[in-house]
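Below is one structure, written out as structure tokens; the observations come after it.
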């Protein structure tokens, strides 16, 4: 799934409509919350320290797994590209397709059953789940580089290594970054599921709220998760535009 | 620890087929609704700059919302089972379908529309026999992307008692440590993967046979 393909860079104030909308939504949420009288069950989860802990766990899981995906998938994609073998390419693309068809909840729970429950299991399944799309984007991004450009670089006397670092990677960077952005947004969603295997995060609130039939708990958990997802996607888009080589 | 898979499958074969069919049914129903809605929205916004940007931005933001969060928000309002599942699957399907409808309609060359008008076609006739047929291959691709997305999300919907294979995946979790835990989750997951791949293959055929004959490559 490539949800994000190079959108035109938004400029000025427009760029900040998304975080502004998120802040407005959060203010509205907490205003609504403070107008409620909470029972003892709700008070146990709807307090600042609990909310901060869960949010921290969620963001940690998302950011660490995405960083690991970037560290693993980009070099692997470059390696797969440099091998220049049809079989390796077909294998990576095929694996990517199967990975895309695999339900995240299945991966998370399978790993919990065969290994253990907890934070590290969630982390590993997140990395495994987001690795393939990032790998595939790296490979296809590098392949999309125009052959003529590559030849021109060679003609100017660049070594293959220089061609990779100065021509191919910069030209492929929008596609590679789009893959990482997709991975980030995926991981916010999958980190929500991590609650099923006792890995914490805001999914805890959603699941507890459902189990105990406390609507305010569900709403706060769900809105916070959605806010994180939207903000992370927005920040990634910002980085995408800033990092993109000037000439592109 | 794990019971043998062949005995497990032999005992629960019918159950598994029924769950797979349910999974397929909820995905197909949601895609049908989302296609009608998505194409309508696409038709309303494709040639107007501000509504188009607004619709695509909103859909782009909406799709980042984690599915468990949406399902949890819907369930107190819509209850458990099919209703929250279908609504959330339609919700996530809209982005790819609306986006591809807009892209497809914008790719129709302007001179074709002009010549259709010149031949005396009404705007509705132009839309139905020129613009939509030409945009259709792109729209089908959007529906195909939505199908891949929804097959996976439907698995999570089992948590709010939604229909389909997610039931087996979660059954494995709830029987963690028992003989059949792995079998339940493994068969559930593999069936979802197979269903997604089969559906993707089916869309190659659907795209081919629903495209106007003159456009088939």
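Keep in mind that glycine also has a Cβ here, set from the backbone N, Cα and C atoms.
Under the heading domain 'ABC transmembrane type-1', TrEMBL lists A:55-236. Per TrEMBL, the feature transmembrane segment maps to A:20-38, A:58-78, A:90-113, A:171-197, A:217-239.
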Next on the checklist: With Cβ-Cβ distances below 8 Å as the criterion, list the same-chain residues six or more beyond the ends of the transmembrane segment (A:58-78) that contact it, or say none.
Outcome noted: 92, 119, 122-123, 126-127, 130-132, 134-139, 141-142, 164, 169, 176, 179-180, 183-184, 187-188, 191-192, 194, 199-203, 225, 228, 232
Item to check | Cβ-Cβ under 8 Å with the transmembrane segment (A:171-197): same-chain residues at least 6 beyond its ends | outcome: 1-6, 58, 61-62, 65-66, 69-70, 73-74, 77, 104-105, 108-109, 111-112, 117-119, 121-122, 125-126, 129-130, 133-134, 136-138, 140-142, 144-146, 149, 203-204, 206-207, 225, 228-229, 232-233, 236-237, 239-240, 243-245, 248
Checklist outcome for this item: Near the transmembrane segment (A:20-38) in space but 6 or more residues beyond its ends, with Cβ under 8 Å, are 46, 216, 219-220, 223-224, 227, 230-231
